[in-house]
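Taken straight from Swiss-Prot:
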type	residues	note
BINDING	HIS311, ASP313	Fe cation binding site
COMPBIAS	143-152	compositional bias 'Basic and acidic residues'
DOMAIN	270-406	domain 'JmjC'
REGION	143-162	region 'Disordered'
Amino acid sequence: MASVWTDIRAVLPSTVSEFPLDFSEKIDLSVLKCLELSRDQLYSEADCPVSAERAQIIIDYSWEKLNIGTWRDVDKEWRRVYSYGCLFKVLSLCHGNPPQNIIQEAVRTCDMSLLMGAAIMDNILQRLVGILRNKIKTTCPNKAERSEEPFSKKRKHDCKSEPVLNPTKEVPRIHCPSLERFRSDFLDPKKPVIIEGITDLWPAFTQHPWSIDYLRTVAGCRTVPIEVGSKYTDEEWSQKLITVNDFIDRYITGTEEDGVGYLAQHQLFDQVPELKEDIRIPDYCCLGEGDEDDITINAWFGPGGTVSPLHQDPQQNFLAQVVGRKYIRLYSPEDTKSLYPHESQLLHNTSQVEVENPDLVKFPDFSRASYEECVLCPGDVLFIPLQHWYYVRSLELSFSVSFWWS
């Protein structure tokens, strides 16, 4: 097997002139100088490793720029600088014959770029993390102590409260409707529906049935953002970055002391292409106005008991259930006033009402709002029309995939 550095060097540009460092005048000259020195050192005759200290200076300086003001106001140029800093740090870590812990640190650095930076050099950090993953000998700590366990096995936080559905309010189900029928019966009139049968051939159900150990194997060493707290409207709710292995150990198979953790609304499939190969974009998305590249695919992975408060999405949504079950309740946008949205701009798309335990003294009109409900099971795909309100509670360990499209 070739060394880590040999494989990494092979994906870098052959010459310094092919290594782009094009930035606008918004970037400080001192930062550009650091970037140029790091690049030039890489191509020196002595084949010296990139300075780890200089790479960290670039990362730290650009990190400060990323954390000033709101995220949407961050200039993309500084995100690119951050990614270059991460690239140079990875190159400094991997020069020579690094041990396993250093390779894992390099993977984390790549992930930080993928999460916080911007794509550079034809998404080179995504290619590097693929090389590094193949060099990690053990992606699952203590794997010898584990067996291949199905998701269906009862785990921490599995929910004891089973919903009793009202048959008159259940979301309708249909098996593989034609594009024309889906458009005429559900998309145009904005009616929720559960579509059955369209995930039958997904590799996530066939060649690579998703299990705890499978996720550890393909994504265990990857750093991801998780939400800590029962729901994002709680005061104690927070976010942090940990590896998928750590998330599973602490929040899926760990003790109750760790609280509730949720890998929610994260574009995991862009970060881990192996998982993206296990799913398929529903054909019905072609009825939208955008291209396939405009579809946002998010992962939702967590224990039973996780809750997404009653809220609206900014686009049409197909919610596909791969593992476990979820109770979902939907309300029409016509009932928005009766759902008491938060007044703050930050939470204007979220209701103040606890759906399954409403305070009808404080929110008296909530009981007048008409709703539909369902239990989404593995293989089901729920169409949630644009601006529909919906509430979600995981009944057990669950993995869902959402497709936002316009």
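Each position is counted from 1, following the chain as shown.
For all residues, glycine too, the Cβ spot is worked out from N, Cα and C.
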Proximal but sequence-remote residues of the same chain as HIS311 (Fe cation binding site) (Cβ under 8 Å, at least 6 apart): ASN349, THR350, SER351, TRP389, TYR390, TYR391
Local confidence of the domain 'JmjC' (270-406) - pLDDT mean: 96
Intrachain C-beta neighbours of ASP313 (Fe cation binding site), sequence separation six or more, cut-off 8 angstroms: ASN349, ILE384, LEU386, TRP404
Counts by DSSP class (helix H/G/I, strand E/B, coil) across the domain 'JmjC' (270-406): 26 helix, 54 strand, 57 coil
